[in-house]
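Visitor: Pasting a structure below so you can have a look.
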Amino acid sequence: MTIPLIDAATPVRVRFCPSPTGTPHVGLIRTALFNWAYARHTGGKLVFRVEDTDAARDSEESYQQLLDALNWMGIDWDEGVEVGGPHEPYRQSQRSEIYQDVIAKLRDGGFVYESYSTPDEIEARHKAAGRDPKLGYDGFDRDLSAEQIAAFKAEGREAALRLRMPDEDITFTDLVRGEITFKAGSVPDFAVVRPNGAPLYTLTNPVDDALMGITHVLRGEDILSSTPRQIALYRALHAVGVADYLPEFGHLPYVMGQGNKKLSKRDPESSLFLLLEWGFIKEGLLNYLALLGWSLSADEDIFTVEELVKAFDVHDVLGNPARFDVKKAESINGTHVRLLAPEDFRGRLVPYLQAAELVSAELTERQSAVLTEVAPLVQERIQLLAEAPAILRFLFVADDDVEPAEDALKGLPENLVEVLDAAITAVEPLTEWNAETIQDALRTALIDDLGLKPRLAFGSVRTAMSGRRISPPLFESMVILGKESSLARLRRFRDR
């Protein structure tokens, strides 16, 4: 039994079809990104449908989180939930009648058969024959007689439906891994409908792909073993008039965590929303996720979304597992932070400052002015937006609320009081309060007159201003604070 393949003239249609369970993780979003990038690269369509037939695990909260995650990442779709399209509905829970119609066609065509065996019975038969009891279904019900079926029904048993797997090798060319063959008999007949009549994922997923005209199935490596089943089902669907062609399959590499273990939902870096909380921006995270199995070139790690779309081809995806390296992700994110337009960067800081209760829900005139002045000073110094509140806190709090950190107190000169007195004496007479006059006055008083090294001289003043060992540029920070506040902080630190 054969089925046509797609050809170069077939318009590309890819899909993203998650289950709404848990919170979105980076492996899932990487899959969405690769499908989106391939659709945009080829001028094709991305279909977003939701596999929500598991009532016990699916939730509307998770569904909303999927939408939020994709929207935040800038991954849009051409057809699917929320936007509609010619193949509605796009939630499996609303497609029951469609599946029942296909099931009836498969039954009429003889491609599925009733299976009454329970898991315990299958295991017992394997044991009795000296086989591994975990081998899976043994084909017992494949050719039941009418009498046997009647007997099972008389017992009150309900039958699952299984697809007849062909007694031949199944070979396909994976877009990522090349030619793959599953030997005849290596994949048992599999259930497509539960005894209660509800279709299983093994049926609904390929049926939806067929009816929606999906041309390329790009998904995680963990689903590779199900491909021969889907190819066999596709052939049956073609025979009953449901499928026009067999799509191409591409299995994306595993995303590994620390210690070369597959990235788990329990790993903090796997949570997209936690990465957002840490201060990743979508441009940086999108860039890094694209590197988990693909690259623009051998020596080019930094690229824009436009460059990704222009270059992305699923045939270039690597089959080897990709490791999620948090440090590299942060470094790439920092590069994209520095590429932001100043006003854009300033705006993105606001939610993090609000979360830290450093600014009000509606910025005051003073808060807005401070942020405008300081944003360019920190844009070159942070990798994650969530670093900003700790660095900038001293600019938004009262002078009396600046408390020096322990690490900032270490290494200060023994004559700290003398240093601070000299600093106060140097800047108090200044009539022009700008970075240049402040720097000249402090350099003369602390380095030339007291003979201090710059680190000790300016480190003392920095700690007085910010309470930190590291801060935005010192003299510019003092300009933002103003003369009165700067002197108040020097005196307070001197008198502590």
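Yeah, the Cβs are placed from backbone N, Cα and C, and that goes for glycine too.
Per Swiss-Prot, motif ''HIGH' region' is recorded for 18-28, and the stated evidence type is sequence analysis. What Swiss-Prot records for 262-266 is motif ''KMSKS' region'. Annotation comment: Swiss-Prot describes K265 as ATP binding site.
Explain the structural surroundings of these features, please.
Guide: If one looks beyond the motif ''HIGH' region' (18-28) by at least 6 residues along the same chain, the residues whose Cβ comes under 8 Å of a Cβ in the stretch are 50-52, 54, 57-60, 62-63, 65-66, 69, 220, 254-255, 263, 265, 269-273, 275, 289, 292, 324.
With a cut-off of 8 Å between Cβ atoms, the residues of this chain six or more beyond the motif ''KMSKS' region' (262-266) that come close are 22-23, 25-27, 254-256, 321, 324.
In the three-state DSSP classification, K265 (ATP binding site) falls within coil. A sphere of 10 angstroms centred on the C-beta of K265 (ATP binding site) encloses 13 other C-beta atoms.
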